[in-house]
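Working notes, beginning with the structure itself.
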Amino acid sequence: MRFDNGRLITLEGGEGSGKSTQAEILAMRLARAGRRVVATREPGGSPGAEAIREAILSGKVSKYGPFAEALLFAVARKDHIDCQIGAAVTDGKWVVCDRFVDSTRAYQGAMEGLPRSILESLERLTVGDFMPDLTLILDIDPEAGMARANARREEGEEVDRFEQEELLLHDRVRQGFLDIAEEEPERCVVIDANQPEEIVAEDIWEAVTERLGA
Ligand SMILES: Nc1ncnc2c1ncn2[C@@H]1O[C@H](COP(=O)(O)OP(=O)(O)OP(=O)(O)O)[C@@H](O)[C@H]1O
Ligand SMILES: [Mg+2]
């Protein structure tokens, strides 16, 4: 637990699991509870990282393989921490971040097979000790998640790099997240995301108050 009262809470999970929806609700509830809140997302969250987000999600980098993608995510994450969330947490703010380090583990690691030793090296260089105080893993059957993501997409809007992957690969992502939760139960809570929005929000609030005393 951080000594300075600031907190880093991350939301993780597959496509369409409700991370962005729930990040917004959580940020609102925390603010209502009197916390100073910063809501942000990855990849992106700072000007430098948002530029990299474009390159990654357009799919322009995927042809260079998961190592190149993981490196770019690492650069973006470092910039995000250095330029935004690091200072916010030190200043006592509660940061709610839509995707963070576990997405790299699940997508470039579990889905694409990048070795754990590489991921660990990158984490040491970027995140270091700045790990989340709480990670909410929104768990949903990938088929249901993709159906939600498809329904959300506006006409003419292109699918992004990771939405294009086969459902089978998304099963690996799901399992990747569940494995992280099992390995790090003191940091992670698995939330059943296949429930109505308000119920998911309640489960999340319960986890946050229980773990962090919001
Ligand atoms: N519990 C829920 N039940 C039904 N629909 C939901 C629920 N939560 C979110 N949705 C809807 O599903 C779609 C995807 O939700 P959202 O954008 O929050 O997911 P996400 O995890 O951020 O997706 P992505 O990984 O693509 O960013 C949205 O249209 C949202 O309104
Ligand atoms: Mg989202």
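Heads up, the Cβ atoms here are built off N, Cα and C, so glycines get one too.
Keep in mind it's a predicted model, so treat the numbers as computed, not measured.
According to TrEMBL, the protein carries these features:
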- Gly13, Gly14, Glu15, Gly16, Ser17, Gly18, Lys19, Ser20: ATP binding site (BINDING)
- 11-204: domain 'Thymidylate kinase-like' (DOMAIN)
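Projection of TrEMBL feature records onto the structure.
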residue: Gly13; record: ATP binding site; Cβ contacts under 8 Å, 6 or more apart: Lys19, Ile137, Leu138, Asp139, Ile140, Gly145, Phe177, Ala193
residue: Gly14; record: ATP binding site; Cβ contacts under 8 Å, 6 or more apart: Leu138, Ile140, Pro142, Gly145, His170, Val173, Arg174, Phe177
residue: Glu15; record: ATP binding site; Cβ contacts under 8 Å, 6 or more apart: Pro142, Gly145, Met146, Ala149, Phe162, Glu163, His170
residue: Gly16; record: ATP binding site; Cβ contacts under 8 Å, 6 or more apart: Ile140, Ala144, Gly145, Met146, Ala147, Arg148, Ala149, Asn150, Arg152
residue: Ser17; record: ATP binding site; Cβ contacts under 8 Å, 6 or more apart: Leu138, Asp139, Ile140, Gly145, Ala193
residue: Gly18; record: ATP binding site; Cβ contacts under 8 Å, 6 or more apart: Leu138, Ile140, Arg148, Ala193, Glu197, Val200
residue: Ser20; record: ATP binding site; Cβ contacts under 8 Å, 6 or more apart: Arg41, Asp98
For Lys19 (ATP binding site), the number of other Cβ atoms found within 10 Å of its own Cβ: 23
Additional residues surrounding ATP, by Cβ distance to the Gly13, Gly14, Glu15, Gly16, Ser17, Gly18, Lys19, Ser20 centre under 8 Å: Leu138, Ile140, Gly145, Arg148, Ala149, Ala193
Residues among the binding-site residues Gly13, Glu15, Lys19, Ser20 that border ligand 2 - Cβ under 6 angstroms, in sequence order: Lys19, Ser20
In three-state DSSP terms, the structure that Lys19 (ATP binding site) belongs to: helix
